[in-house]
There are 2 protein chains.
Amino acid sequence: MTFRYPNGKKYVPKGILGKTNSVKKDERFSNRGMTLEEDINETNEYYLTHKIAVIHKKPTPLQIVNVHYPKRSAAVVTEAYFKKPSTTDYNGVYKGKYIDFEAKETKNKTSFPLKNFHDHQITHMKRVIDHGGVAFTLLRFTIFDEVFLVYAEDILPYFNEQKSGRKSIPKKEIEQLGTRIPLGFHPRIDYLKIIDKMIENM
Amino acid sequence: MTFRYPNGKKYVPKGILGKTNSVKKDERFSNRGMTLEEDINETNEYYLTHKIAVIHKKPTPLQIVNVHYPKRSAAVVTEAYFKKPSTTDYNGVYKGKYIDFEAKETKNKTSFPLKNFHDHQITHMKRVIDHGGVAFTLLRFTIFDEVFLVYAEDILPYFNEQKSGRKSIPKKEIEQLGTRIPLGFHPRIDYLKIIDKMIENM
């Protein structure tokens, strides 16, 4: 069964006590069925255990309405609603810098739809830049298995054009604007290598 | 009705579409019944709107097991469980620095119990320091309405002593180790004023 957010995005459960997690360790080395989120979580875990950076995904924001307390077992949330995130999904610290990013994927071949981003997330990226943080997006074209890092500074102008009717960014422009991240084995998406170049110039 | 986390900590709902939020704007200026979390959220909102810093509370981590999709209305999470947080609750960026902290309150008069902190949060604070971030705790003695900022560097040694039986930090030592934050009207807990002094020396 597939859960979807109100915006249609697939919700991927991480498994309770390992029971509902259908991705077995041995199958993970091929990328079949791995979501961008899973790849990034694996990469962040690599960064953490190798003492490279401390970057975490924020939990899904939920509005809790009802909680049930069964005897002798854990509290169960029995009614909650998905809330729109007020920030991007990932943040943390790398070489003393504040790192903040959002990751999105599309099945489109020729362009990346802007509707994948919430208004709050766009506002948040602007604020992070204003306060001296490093803000960016990771964009995956699922069909080609290509991931691009595009700095917030470079992608934000496209959102301003949404008012005048822009709905997506052509893939060719993303290839120019951003940097393609070579996909690896471990870590899968080594995005901090790209960030290194920016930090050197800060 | 009061919801509690498995560790007994009170869960304070933020209100759905403003309906269940029982704290009305006009009542908020007195501190009666304001939790430390509410005070900090208000302070962070002040920092955000006054373009001082971008600091957010992370959502409560939940393991979602079941979601129901009623026709013509929003998806409802019908089964979810509280997870132990793997990081502290608050993080963000201030003057280009990565800021990370945990806030706890106690009704004790003479000491602060260490059991309020999860192991993961202690490990996380260590990592943040190692990567050049600013990590600290905000500790409130509810009865006196006193809030202290204690840097992670200064509080971490106490957790190491837990193995040899230490269960709390005497209030007198917190007064020496930390800095008392004068409580204000707006923002309520101006913790970044204390951080300024540290950043100057970085």
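A Cβ is built for glycine as well, from the same backbone N, Cα and C atoms used for every other residue.
Listed in TrEMBL for this protein:
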{"type": "BINDING", "residues": "A:Thr87, A:Asp89, A:Glu102, A:Gln121", "note": "Mg(2+) binding site"}
{"type": "SITE", "residues": "A:Lys104", "note": "site 'Transition state stabilizer'"}
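All features noted in TrEMBL, drawn onto the structure.
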residue	record	Cβ within 10 Å
A:Thr87	Mg(2+) binding site	23
A:Asp89	Mg(2+) binding site	18
A:Glu102	Mg(2+) binding site	24
A:Lys104	site 'Transition state stabilizer'	18
A:Gln121	Mg(2+) binding site	21
Between the Cα atoms of A:Lys104 (site 'Transition state stabilizer') and A:Asp89 (Mg(2+) binding site), what distance do you get, rounded to the nearest Å?
10
Using DSSP, would you call A:Asp89 (Mg(2+) binding site) helix, strand or coil?
coil
Chain-mates of A:Thr87, A:Asp89, A:Glu102, A:Gln121 with C-beta within 8 Å of site centroid, Mg(2+):
A:Lys58, A:Pro85, A:Thr88, A:Tyr90, A:Asp100, A:Phe101, A:His118, A:His120, A:His124, A:Met125
Using DSSP and collapsing to three states, where does A:Lys104 (site 'Transition state stabilizer') fall: helix, strand or coil?
strand
Chain B neighbours, filtered from recorded positions A:Asp89, A:Glu102, A:Lys104, A:Gln121, Cβ-Cβ distance under 8 Å:
none
DSSP state at A:Gln121 (Mg(2+) binding site), helix/strand/coil:
helix
